[in-house]
Amino acid sequence: MYVRVFAAVWLLACAGLALLAWGFEAPFAYDPVGPRAYPLLLLFLMACGAAWLLFKPHGEPTPAFDRAKAQRAVLCVLALLAYALLFEILGFVISTALAGFALGLLFNGRLWPSVISGALLGVLLYGLFDYLLDVPLPLGLLRLLES
Amino acid sequence: MKTRLSRIALLSSCLLLSSQLLAEPKRPECIAPAKPGGGFDLTCKLAQSGLKDAGLLKAPMRVTYMPGGVGAVAYNAVVAQRAAEAGTITAFSSGSLLNLAQGKFGRYDETAVRWLAAVGTDYGAISVRADAPYQSLDDLIAAVKKDPGSVVFGAGATIGGQDWMQTALIARAAGVDPQKLRYVAFEGGGETLTAMLGGHVQVTSSGLGEVTPQLDAGKIRILAVLSDERLPGKLNGIPTAKEQGYDISWPVIRGFYMGPEVSDEDFNWWKSQFDSLLADEDFAKLREQRDLFPLSMTGDELKAFVEKQVQDYKALAGEFGLVK
Amino acid sequence: METLNFLMQGFDVATRPTNLLVALFGAFVGTVVGLLPGLGPINGVALLLPLAFALGLPPETALILLAAVYLGCEYGGRISAILLNVPGDAAAVMTTLDGYPLARQGKAGIALSLSAVSSFVGSIIATCGVVLFAPLLAKWAVAFGPAEYFVLMIFAIACLGGMVGDKPVKTLMAALMGLALATVGVDSTTGVYRFTFGSVSLSDGIQFVIVVIGFFSVSEILLMLEKTHSGQKAVKASGRLLFNFKEFCLTFWTMVRSAVAGFVIGTLPGAGATIASAMTYMSEKRMAGDKGRFGDGDLRGLAAPEAANNASACGSLIPMLTLGVPGSGTTAVMIGALTLYNITPGPLLFEQQPDVVWGLIASLFIGNVILLIMNIPLVGLFSRMLSVPNWVLVPTITVISMVGVYSVHSTVFDLVLMVGLGVFGYLLRKLDFPLSALILGFVLGEMMEDNLRRALSISNGELGILYGSPITLALWALTVAMLAMPGLRWYLKRRRGNAVEAQA
């Protein structure tokens, strides 16, 4: 069932992308293939595959939809997204501490250990990467403290 | 008299030093819009070690990598997200300007940033295998004129990239439509050279720095370097295109820009540091080690140069049918 | 004889106390970096490059450090592949296929120690190959032009046919998705932007690091979430830590064969460890036939890709040292390191900088011994990694994945993209699409299209170039043989089946 839904969505996506790919035109090209043929070929093949799955999905049972599981997955994705988006704004240390805390809780950690592990991750990894390995990481809000 | 003079000198140098110390921005950073090890990385490293060795920058300068679109990603990030960072300088090259001119840098144009300094230049080069029938640029152009399909050009650039432009200029000199050439796009100069040494393409169009090692090994012949005059030093033996009667020159300048909202004070601090750096003899040696030739422009001079360059590139792109 | 003298000279350089110390440090750091999910040899070498330069190490020492890190990462990459089912880089994808099932069967210790020995055998054989063939192979590698590369890609994809298994349509779809993902970004022939949706951040396409971290680390985190909920225990290492003599004998020839194949593939510029590990895995699977339990915890399925990817890592030093052409992303970074020291890798390097070249080669031998010694006793320590509770492990994986992506690109866009790909990868995994096919498609896709179009630009559109040279013809022949094999085996099986039926 899920495979069918996915195949249907993918079929639509292929159609949309094919429309987009139709517009790939170079002013000129030295090879006879050009920038358009290869993506269109791939999309066509994928559409065939999706159609196949739509009409003849492999006979696997459909597991029951588990609301609690899905809820946690969504929460986890949201936490990851928030982490990514706040990475530069809040800076590495603060955003990591928050994300470490949130993920720790999601993965059944207790409150205080999660707080501590998050904070430690932020500070220690910042030290490791920024000072030892010379990978510059964003300071974010902490930049204000500096000046 | 003498002591007084030296005292004044000492005092003024102290003042200068302290004013520099006061104005030096926190957390200096150089954005290299490429992966580690690429040309932009070398540009950043050049500034990094140059500024440090000359004592012009106290805090260590970090190098951040931001690859994508010959600088497009970094350009957009600097303009949109890091516009006011006083400690951040970003490397650029002629290749970035070329893409900028063709509208491949998104919605920003060449006026969106503050052009800080150009620190050196490389030149384009046209080379063939040592056993190739072409002895000079004349031979090559004659062959292209006779039958554009008889010569396969290879270069590490897409259509519209720098190395392609060099090929197109050759075609123009031969009176041939660049679209009639046979041209193969590789990833970078190294791949192109290997393909040429393997006999898969006949001519390599690239930066000079990318082919000189093979020149030392005696495997290739450089038909022309695309500079206005002969180069100094050991590369003096390579003829320019100009002296062979073709008005083709293709400098590949390397330099830095800063965000649009950096204050005049900070910008001028960096400008004066680069001015002293570019006048420094040790820096000249450092630059030579990295296969770059002297070129010094800062501030308004560079801005004017960049704007003119972008206009020229736009004209060329239009002429070669790259923009409709 | 001359080679031997040079090699002795190299050992002289490599056994200087500083260089030995640096090799030890590099091997350790490399193993740790390779162990971290999402961080591979490219990250390791790239991270230490500025450090080596900042410390003012002489060129041969810096190169020894980087080579030790490179080797260490190849050793370390297998650990996360086996224990967490998260390949550190594309080359380790094949290691997960049998390594993870072994770990789940409680044989994590055996898997780890055996793969360490496989890595060792692979590296040592390949290093001997470097010594013998480095000067000779230079000529041969140059003969590979775009047409030859294109046919090589076709051959590699034909080899992937063995992965199809019991869900051909899904495998095919996954590979196609990988191929399609690779088309995002600037078209390297005409410069047209494809599928960038107007964003400059996609102008160079989606970087491999992001794809691999997204599809493997992030989706793994989401999968782990479910496991905690249902109360399942993570894989625990128990039983023997060391493989026994019988297991060693079973895999010995696999290691040797795979090492030789991996070395040869590694010497081809651009081909690299991914193809090497995939191809040797497939051919070992074929050779084992029905008796093998490949994909279900066969020791040979673990030994083959490990020996091959280490061998190809060493092999890729050949094009780097002799031609100045990187055979992989990592050697590209190492070429960058050499240029920092104003040493240009190329045909002249062997003559002008014998200390650097032979010191490096000698240090490969030494580094491997160090790594083997380090890895066997530390197996217990590495196996214990899994007893770290999820609420510590997951945030750590997350943070390091983020840093891994951020250090390469420094943009938030890529972080968000990574999460997006992770969610997509999670869905695909839930729907039972094999992600390893997707990753391999992604790696091969760009090379395949580019080389086809390059070949056709060279020939002015004539298809003849694709089968015009002896190399292409040989590769086509191999491809046909590879494709014919399953059919042939099916035919034989059916005949045998019929015979059995007739008897009964």
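Placed from the backbone N, Cα and C atoms, the Cβ positions cover glycine too.
Listed in TrEMBL:
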type     : residues  : note
DOMAIN   : C:20-440  : domain 'DUF112'
TRANSMEM : C:20-39   : transmembrane segment
TRANSMEM : C:46-71   : transmembrane segment
TRANSMEM : C:109-134 : transmembrane segment
TRANSMEM : C:140-160 : transmembrane segment
TRANSMEM : C:172-193 : transmembrane segment
TRANSMEM : C:205-225 : transmembrane segment
TRANSMEM : C:262-283 : transmembrane segment
TRANSMEM : C:321-344 : transmembrane segment
TRANSMEM : C:356-379 : transmembrane segment
TRANSMEM : C:391-409 : transmembrane segment
TRANSMEM : C:415-444 : transmembrane segment
TRANSMEM : C:465-485 : transmembrane segment
For the transmembrane segment (C:205-225), find every same-chain residue at least 6 residues outside the stretch whose CB is under 8 Å from a CB in it, and list them. 37-38, 40, 42-43, 84-87, 89-90, 181-186, 234, 329, 390, 394, 397-398, 401, 404-405, 408-409, 414, 417-426, 428-429, 435, 438-439, 442-443, 446
May I ask whether the transmembrane segment (C:20-39) has at least three C-beta pairs under 8 Å with the transmembrane segment (C:391-409), counting pairs 6 or more apart in sequence? yes
Cβ contacts the transmembrane segment (C:356-379)/the transmembrane segment (C:109-134), at least three under 8 Å, sequence gap 6 or more: yes
Do you know the mean pLDDT across the domain 'DUF112' (C:20-440)? 78
Contact set, same chain, for the transmembrane segment (C:20-39): CB under 8 Å, 6 or more residues outside the stretch: 14, 47-48, 57, 61, 64-80, 84, 86, 88, 209, 212-213, 216-217, 220, 363, 366-367, 370-371, 374-375, 382, 385, 397, 400-401, 404-405
